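One structure is given here, and the rest of the page talks about it.
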Amino acid sequence: MADQQLDYASAKFVTSAPDISKLPPDSGIEVAFAGRSNAGKSSALNTLTRQKALARTSKTPGRTQLINVFELTTGQRLIDLPGYGFAKVPLAVKEKWQRSLSEYLQQRDSLKGIVVLMDIRHPFRETDQELIYWAVDCDLPVLALLTKADKLKQGARKSTVLKAKQAAIAFNGDVQVEAFSSLKRIGVEQVEEKLNQWYSKEYDDE
């Protein structure tokens, strides 16, 4: 069956959950967005959904430790995972978040793909690599977005993306790399295309 063409502008906030046990019932399809606290995750979600304030952009990276749930249509959700890797977050909070993330990736049947956002100037930091390896171990496809792509000139951007694609081979999984810019709307079409594939999986699996 052809991939669904979803209207991402229809996304609506549903709930904020402190951990996986407080999420909506594990049915339908979820796609999760994850990234370091300053990777531009909230801006990417707002750009994708064409809503300026769907996901709150915090001036204090690492402040939000809740899982935010947005619904596109019945049973189709976007999951905004808490930012990770920020130095000012207490160690106990980091450890709790790591446990929660691990549980979510391993146990959530409705999770069909994860978007990992990384600053194009600092891709594949240790925490990013850990997350991608976890996802691959759970047989989850990954879309790695190199955010803030407008910060690099076109030649440098292409070179960085090419190097990142080569580096992604080492994960030995379904890891696609794309440049992304919320400001210039670079890569939005590629994100929509990949998400449409993932949201069509329920039909392919039946």
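Placement of Cβ uses the backbone N, Cα and C atoms for every residue, glycine included.
Copied over from Swiss-Prot, here are the features:
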type: BINDING; residues: 35-42, 62-66, 80-83, 147-150, 180-182; note: GTP binding site
type: BINDING; residues: S42, T64; note: Mg(2+) binding site
type: DOMAIN; residues: 27-201; note: domain 'EngB-type G'
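Annotated features, which come from Swiss-Prot, shown on the structure.
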{"residue": "G35", "record": "GTP binding site", "DSSP class": "strand"}
{"residue": "K41", "record": "GTP binding site", "DSSP class": "helix"}
{"residue": "L66", "record": "GTP binding site", "DSSP class": "coil"}
{"residue": "P82", "record": "GTP binding site", "DSSP class": "coil"}
{"residue": "K148", "record": "GTP binding site", "DSSP class": "coil"}
{"residue": "F180", "record": "GTP binding site", "DSSP class": "coil"}
Please list, in sequence order, the residues in the chain of G35 (GTP binding site) that are at least six apart in sequence and whose C-beta is under 8 Å away from its C-beta.
K41, G83, Y84, V116, L117, M118, D128, T147
So of S42, L66, K148, which of the binding-site residues has the fewest other Cβ atoms within 10 Å around its own Cβ?
L66
Quick one: of N38, K41, which of the binding-site residues has the smallest count of other CB atoms within 10 A?
N38
So among L66, P82, K148, F180, all listed as binding-site residues, which is physically nearest to S42 (Mg(2+) binding site)? Use the C-alpha atoms.
P82
Chain-internal residues near F180 (GTP binding site), provided their CB is under 8 angstroms and they sit 6+ positions away:
A44, L117, L145, L146, T147, A149, I186, G187, V188, V191
Segment confidence, the domain 'EngB-type G' (27-201), expressed as mean pLDDT:
89
